[in-house]
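Novice: One structure, pasted below without further comment.
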Amino acid sequence: MKLVVEVIDAHDLMPKDGLGSASPFVEVDFQNQLSRTKTIPKNLNPIWNQKLLFDFDKTQSHHCSIEVSVYHERRPVPGRSFLGRVRIPCSNLVTKDEQVYQSFQLESKSLLSFVKGEIGLKTYTLSQSNIHISSPKITLPTPPPHTLPSTTSSTTQSPIVDDSIKLIEVKGNTRTHTNPAETACPSKIPIQEADSVIEERSETTHQIHKHQSVQQPIPTLLTRADGVHLPTMQNQTGPKLRRRAEHEATRPLHRDNNNFNNTTTNNISNNNNININNNNNNSNNSSSSNDNDFEVKEASLHLGEQWPNNTGRVWMSGERMAATLDLVEQMHYLYIRVVKARDLAASSDPYVEVKLGNYKGRTRHLERRQNPEWNQVFAFSKERIQSSILQVLVKDKDMIGRDDCLGGVVFDLNEIPTRVPPDSPLAPQWYRMEDRRGEGKVRGEVMVAVWMGTQADEAFTEAWHADAASVYGEGVFNIRSKVYVSPKLWYLRVNIIEAQDLVPNDRSRLPEVLVKVQIGNQVLRTGICPSRTANPIWNEDLVFVVAEPFEEHLVLTVEDQIHQSKDDVLGGITVPLDSIEKRLDHRPVRSRWFNLEKQREVRFSSRIHLRVCLEGGYHVLDESTMYISDQRPTAKQLWKPPIGVVEVGIVRAEGLLPMKMKEGRGSTDAYCVAKYGQKWVRTRTILDSFSPKWNEQYTWEVYDPCTDTPLNAGSAARLHARVSAADASPLGVKKMGEISLAVRFTPLSLANTIYIYGQPLLPKMHYLHPFTVNQVESLRYQAMNIVAARLARAEPPLRKEVVEYMLDVDSHMWSMRRSKANFFRIMAILSGLTSMKRWFEEVCDWKNPVTSILVHVLFLILIWYPELMLPTLFLYAFVIGVWNYRLRERHPAHMDARLSWAEAVQPDELDEEFDTFPTSRQGEVVRMRYDRLRSVAGRIQTVVGDVATQGERLHSVLRWRDPRATSLFLVFCLCAAVVLYVTPVRVVVLAGGLYVMRHPRFRSKLPSVPSNFFRRLAARTDSML
């Protein structure tokens, strides 16, 4: 594989030759492979369009970076001057199909060096099969030491077209340039790049190693710990931050005679420091609960792998290696892998039945197969084992009568070997089948592997589990745990500039033209052009959400609005999304003219002027901004390296309520869904259990610590069965059960984590070119629909109800409970100011003379030493923060029923919150709720009116609404200006402070003069109806 660094151009470089110019060239260093471009003499805005190729190993170069340095070549004295550099992490590399022009700000080497300017690059990887060499490879001679070889490049001859003119924005000014013709050099290797729209001339330079140019020691490459960026798979821990010290090259298979005979789990101590999050604890049938029912609690769980040590035949060494799943409880399983059989009867329809006590599992039957292959895994939990022998029977499927047994193999569970990753998989063996009655060998052999393992085994996810004994065939795939990935979302910006030569169908009237743009089910329209002409101008932006792979097309239709219900189509175009340009910043995009297609033939064609691009610098919001879990931009080239990993262990749930009726009794088929960033995980479904145990662990890379990980516990029958859900009950919130979680965040670098706190939450394009509030809500809704539709197409599907609930689709809907909760949140914030005001009134009223005297003394000290004000303020904040450390939250963040106002909400308010939109309730209920909403809105209206009145009074003091009041205020301002001019500031502040805190003996209970004056000012309430 090759790494291609395409050096395009640079802008606004620092002059270095003493004459206000520079002769720049670019040098690229990647893993001691050094390559450079040609030198552009006397140009601060050079254009290279040159490709540099490097050897690239994707498995070993993930943590490396590409260093691109810009130098000025000094002449006639050999040498170079530094102009700036850029470092690009290899984790952001993309393929050639995804490469986009990207502009980087040049950085300095140290604080003392001053650089400026930008450099435009394209970086991507290229497979060996896509590298087309048009001339034989030329070996570069080794230059002498301490000299840099001057590498020149060849150009590919291509016709010069008008479309090769590019627009480049430099500090708000747009300038036009073309690629100058260059002289071809026969000693170089050109690489041709096909482009359907523009054929650009590019230059290719192969790399040389550093030791070929400068004789110096090769630096040692430092890499991170192994496994930091391992693929995150379900039921496995993600990045392992501790390298295992030693590992035996070969490991024998160990057996445990007591693993299947004991019905209890060994109680072995575990020293993991893990926060266990149990939401909504308590019983099943509690219609009333105490105050602690919905609080987070700690649970005593035996987390991590627990294997007996020094117990005879189990382990050859005393200590077990580091646990793979250390955030969940260990679960033992008996695994049976049925691979294939041979030498069976030619007329049989064989299948395999695995029998363990009362549990039976069977493979699919294969018709007329003498050597069938199944390759299917069965898993039996240790808790469900009821027998000491395991039977693997090969049977012949009979469509009419009873199935015939062709033979089988019997295993003694006490002789089953034990296997735990990272041990290699157990090799299956051929077993000669015996008669079911034990009368001797029969014809045929079956290949089987049987071992004891845990949920960390690779076969766990694909196995048929005994707790799903009632599920066969395709239904098994729907209850397995799965990992889903959200589609890659883009914002599509369509700038409709103008149209020309439109021909209306009705020549007797001037057209009222608008443009309708449609992508899938997203439809937007421009406004009607103000000038009724055949050459309308709009210059409007329409933004859509699209997902990779691009399946829809951009369809534009120019319409003439006859009246509100009728539009005449004047023409249209269809643009494939794959042909649209991508951009990563705010640089201008080239506009294009498109000929409009019409239903009937015309002598000449109308056309429309568009500027279309895919925005890669934005983060496409598909979830609520209050609970956002990912803030990275769409383009992978702009991603920052991860700052840590978060691991979530979904242990178990208890006390779940029945969600459906099954065989005359309540039943629940429970599973959990968790999401962070683009990765969704779904645990396996535990059938017919009110206390399911999942014990699955998942890992996500974290790019920002200030994000959330939503989790939903649902049922396969009713997806809105929340762990703590609001429902009708005497307390307003109904107990739905409790869930045990283990959450751990491990930062890779504390410095990077602290640095993130000073960075913007969203990519910079959200601040340079922000969307309106209406656009954000509409685009979020469209993005959520796309994500739900794509995940519903997975197998097994992640249903739309789950996706919408996880993405908080109803966050903007009206809720009386949520409104009350937000109101009391505001009151809690203002309670500090209220308490401070109350305390200051007590000081002014001298209710505690000692406190009042101390405040007066402190006030005098600050007046005479004003430089102590800010230090005193920050020192006070520091002391308060240290004092509150002992009062900090001891538990992780969780759903607070009291804060959510779920304990005192009325049943009808909850029914209104869960109502559909538009409503599906009866007219009388809707009328009652509407009257209640009018009452609440009336109170809000009164408060808002009072605030507006006070603001209008303050605004009218200088507007001469009341001439006498304005005259008095102007005289007061003049006198105050004279007094403050001749009086020192300290005296004024001292007099004002002592007057405010004067003793009650010198006070009056009547309102003050300024208050009376302000209340008499005019407002606009008399002008309202």
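Backbone N, Cα and C atoms are what each Cβ position is placed from, and that goes for glycine too.
So TrEMBL lists these for the protein:
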type     : residues : note
DOMAIN   : 1-104    : domain 'C2'
REGION   : 135-158  : region 'Disordered'
COMPBIAS : 148-158  : compositional bias 'Low complexity'
REGION   : 230-292  : region 'Disordered'
COMPBIAS : 245-257  : compositional bias 'Basic and acidic residues'
COMPBIAS : 258-291  : compositional bias 'Low complexity'
DOMAIN   : 315-431  : domain 'C2'
DOMAIN   : 471-594  : domain 'C2'
DOMAIN   : 622-757  : domain 'C2'
TRANSMEM : 852-885  : transmembrane segment
TRANSMEM : 968-997  : transmembrane segment
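Give me the lay of the land around each of these features.
Specialist: Residues of the domain 'C2' (471-594) grouped by DSSP class, helix first, strand second and coil last, total 10 helix, 66 strand, 48 coil.
Mapped onto DSSP classes, the domain 'C2' (622-757) shows 13 helix, 60 strand, 63 coil.
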Novice: Which sequence positions outside the transmembrane segment (968-997), separated from its termini by at least 6 residues, show Cβ-Cβ distances below 8 Å to it?
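Specialist: For the transmembrane segment (968-997), the far contacts come to 843-844, 852, 855-856, 859-860, 863-864, 866, 957-958, 1013.
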Novice: Using DSSP, how many residues in the domain 'C2' (1-104) fall into helix, strand and coil?
Specialist: 6 helix, 54 strand, 44 coil
Novice: Quick check on the domain 'C2' (315-431): DSSP residue counts for helix, strand, coil, in that order please.
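Specialist: The breakdown for the domain 'C2' (315-431) reads 6 helix, 54 strand, 57 coil.
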